[in-house]
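Everything below concerns the one structure shown next.
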Amino acid sequence: MAFDSFSEFLAMGGHAPYVWSAWGVTALLLLATVWHARAEQRQLIKGLKRRARRANSARGNAQ
Amino acid sequence: MHSSLHGASNSGSSQSSETAQQVSAVPLREHNGGLMTAVKATLVRDLTLLLRRRGEVLNPLVFFALVITLFPIAISPDPELLAVIAPGLLWVAALLAALLSLDSLFRSDYDDGSLEQLLLAPQPLAALSLAKVAVHWLLTGLPLALMAPILGIMLALPAGSYAVLALSLALGTASLSLIGAIGAALTVGLARGGVLLSLLVLPLYIPVLIFGAGAVQAAIFGEGVSAHLAILGALLAASLMLAPWAIAASLRISING
Amino acid sequence: MWAFIHKLGSPKWFYGISAKLQPWFWAAAALLIVTGSLWGLAFAPADYQQGNSFRIIYVHVPAAFLAQSIFIAMAVSGLVFMVWKIKVADMAAAVMAPLGAAMTFVALFSGAVWGVPTWGTWWMWDARLTSMLILLFLYLGVIALRGAFTSRDSASRAASVLAMVGVINIPIIKYSVDWWYTLHQPASFTLTSRPAMPTEMWLPLVIMVLGFYCFFIALTLMRTRSEILRREANKHWVQELVAGQVVKVPAEEAR
Amino acid sequence: MSLCLQARQLACERDDRWLFQGLDLEVRNGEIVRIEGPNGSGKTSLLKILSGQLSDYQGELFWNGAAMNEAREHFLANLLYLGHAPGIKSGLSPLENLAWYQALSGESGNEDQRLEALEQVGLAGFEDVPAGQLSAGQQRRVALARLTLTPRALWVLDEPFTAIDRHGVVDLERQLVAHAQAGGCVLVTTHHELTASPLLRRISLG
């Protein structure tokens with residue numbers, strides 16, 4: 001452990017704004033890309049399902 | 001959805017092969033070189049076209065002079081300050097002027113259909129496009145290089161660096177034309193390719209800019225310039241070897257729409 | 001070998017195999033990044049010169065590595081697409097570009113922030129940062145070019161050519177920028193080049209780099225799968241796949 | 001040597017839509033093949049594939065029995081393609097335009113040939129006028145002068161009758177038939193109704 005207490009850890013020896021902003025932006029971007037990829041996938045599958053259901057019901061009506 | 005094809009070739013093929021036997025055949029040609037003829041004709045054609053529209057040749061030069069005029073006005077007329085920044089200014093302005101004329105390199109050929117014909121010539125497209133790029137350099141890069149010393153005087157460029165300025169620009173703009181032509185070929189099919197072209201090409205220009213402006217600076221400081229010029233030459237050699245293939249591939253992509 | 005390449009090229013096969021691989025890469029990425037972060041932030045010793053601001057290295061360097069690697073991966077995918085006409089390669093290249101640009105941005109941002117305690121300024125024309133900035137422009141160019149075409153096939157091929165041209169230029173750009181920097185800033189202090197880093201400093205860095213790579217692979221697999229669904233929406237196998245899931249839904253609703 | 005352009009199981013997909021699929025096609029000397037179909041049915045794309053401009057297709061192309069990739073140069077040396085745009089530079093005179101086209105295939109040719117070709121398409125007296133000052137029909141005629149100037153066995157013509165007056169249409173049609181009779185081969189799309197001829201074959205798309 002390089003720090004004696006949690007508050008010292010947060011303070012980063014006076015470099016807190018730099019360390020935490022750099023890490024924060026990185027974390028934010030990584031999480032955002034994951035969230036975006038998930039949202040994209042869900043939306044796509046939802047769209048495809050809607051299409052399939054429409055095709056199904058059209059076939060059902062025809063019969 | 002139009003997915004099927006009706007009555008493809010079954011309808012008349014048997015009967016037509018009968019007729020084919022009745023008629024004599026047009027002799028097929030063997031492809032017999034003639035690359036030099038084609039390259040020379042392309043050089044002559046592009047030179048003639050550009051020399052008939054002198055405005056297009058002069059515009060980059062006027063642009064170059066204009067941009068150089070803006071800097072003393074915007075920064076300061078102090079000759080000492082100008083002398084320090086002159087190599088960079090001259091190089092950046094020349095680079096932008098060369099870039100300005102790139103968009104038209106393949107555009108008119110694309111619009112009137114002769115690019116299609118160029119692609120169908122039984123010659124290597126790389127060689128033919130190299131001829132077009134050579135004309136671009138001859139009428140843009142070379143005049144810019146020759147004009148730069150005059151603008152150098154106006155920016156109080158220290159004596160002793162004028163020849164290096166012209167030489168580095170002549171060498172460097174040749175690479176710029178080659179690299180830029182890749183971007184021009186990639187964007188020729190796009191309606192508003194002009195800005196995109198700069199976005200694609202400018203990052204690739206940076207090495208040439210570094211060694212070109214570096215050569216002029218080295219000449220001012222009285223250091224040896226041969227290393228810079230050698231690297232500019234090496235960059236040109238590499239561009240000469242690789243760019244024509246990339247240009248040809250890009251043109252084929254663009255013509256597909 | 002050929003059979004393998006073409007099997008790999010089939011979107012359907014790729015869709016199946018990536019589903020199996022993906023969770024492993026996500027797990028590895030999460031594990032490595034969490035371990036590396038804790039270690040790097042809390043346990044690694046502070047730098048004797050830079051103090052705790054040096055901990056930015058654990059995001060800056062992995063991001064910079066990834067930024068360059070993704071461009072190379074993109075160009076290789078482009079080459080595979082152009083030579084063997086394997087569409088999955090192009091789909092992967094298409095989804096890699098935004099992540100690469102994001103990583104380049106992370107490297108730039110963390111580098112700039114790091115510059116404040118180190119150089120006392122938000123921006124230095126440092127060789128590494130300048131190359132990164134140029135790399136960002138290269139990424140933006142590829143993304144913009146892909147977006148500019150109306151025909152997807154032309155867009156793919158144009159982006160592939162540009163990525164290949166870019167990847168040939170990256171070493172030249174890097175070399176010339178380094179040369180330019182040493183000329184203008186002789187013997188100055190650079191962010192990450194330091195003599196012999198102690199093990200407890202570089203080990204978390206290695207872990208973070210590996211974690212970022214796993215993250216890149218996992219995300220690329222995931223987004224390539226989405227891209228496959230998008231482009232192959234009209235294909236029979238996609239419709240069957242979706243139909244299988246649709247059948248289940250009414251059954252649940254009926255309960 | 002006879003001429004034969006074959007396409008097997010040709011399919012062209014443009015952004016998730018099949019223009020055509022499973023197209024088998026064989027074109028031999030002494031034929032005029034007219035590709036028919038409504039707008040957007042892929043006539044131009046088919047001609048571009050058959051003339052080796054589009055590489056984005058499925059299926060195989062053969063030139064005289066050899067795969068197109070290997071025979072490409074020989075194929076191009078025997079091909080004359082005229083597209084939608086005439087490919088005439090407005091800044092050059094008809095003579096200069098033709099000189100470039102002649103040189104593109106490696107022949108230097110001479111001015112008498114070019115003058116004669118221009119005379120045949122009814123452009124005598126316009127030889128040195130910048131093509132930009134000619135009408136659309138006249139520019140098209142300059143392009144058509146290549147048919148006689150640079151003899152090629154295979155003609156691929158995309159809407160060659162566009163902008164041409166009635167007289168020119170008759171001449172051109174006669175020229176197509178003469179070419180086929182002489183053992184050449186013509187692949188053409190047109191909205192103009194071609195006179196029935198034993199040499200004419202139709203292929204419909206869409």
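Backbone N, Cα and C atoms are what each Cβ position is placed from, and that goes for glycine too.
According to TrEMBL, the feature domain 'Cytochrome c assembly protein' maps to C:15-184. The transmembrane segment annotation in TrEMBL covers C:21-44, C:56-84, C:91-117, C:129-149, C:161-181, C:201-221.
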Positions on the same chain near the transmembrane segment (C:91-117), where near means CB under 8 A and six or more residues out: 11, 50-51, 53, 56-57, 59-60, 63-64, 66-67, 70-71, 73-74, 77-78, 81, 123-124, 126, 128-129, 132-133, 135-136, 139-140, 142-143, 146, 156, 159-160, 163, 191, 212, 216, 219-220, 223-224, 226-228, 231
For the transmembrane segment (C:129-149), sequence-distant contacts whose Cβ falls under 8 Å of one of its Cβ atoms, 6 or more beyond its ends: 64, 67-68, 71, 74, 94, 97-98, 100-101, 104-105, 107-108, 111-112, 115, 123, 155-156, 158-159, 162-163, 166, 169-170, 173-174, 177-178, 181
Surrounding residues of the transmembrane segment (C:201-221) on its own chain - C-beta under 8 Å, 6+ positions past either end: 18, 21-22, 25-26, 28-29, 31-33, 35-37, 39-40, 43-45, 47, 57-59, 61-63, 65-66, 69-70, 92, 95-96, 99, 103
Overall pLDDT for the domain 'Cytochrome c assembly protein' (C:15-184), taken as the rounded mean: 92
Outside the transmembrane segment (C:21-44), six or more residues from its ends: residues with CB under 8 Å to it: 55, 57-58, 200-201, 203-205, 207-208, 210-212, 214-215, 217-218, 221-222, 225
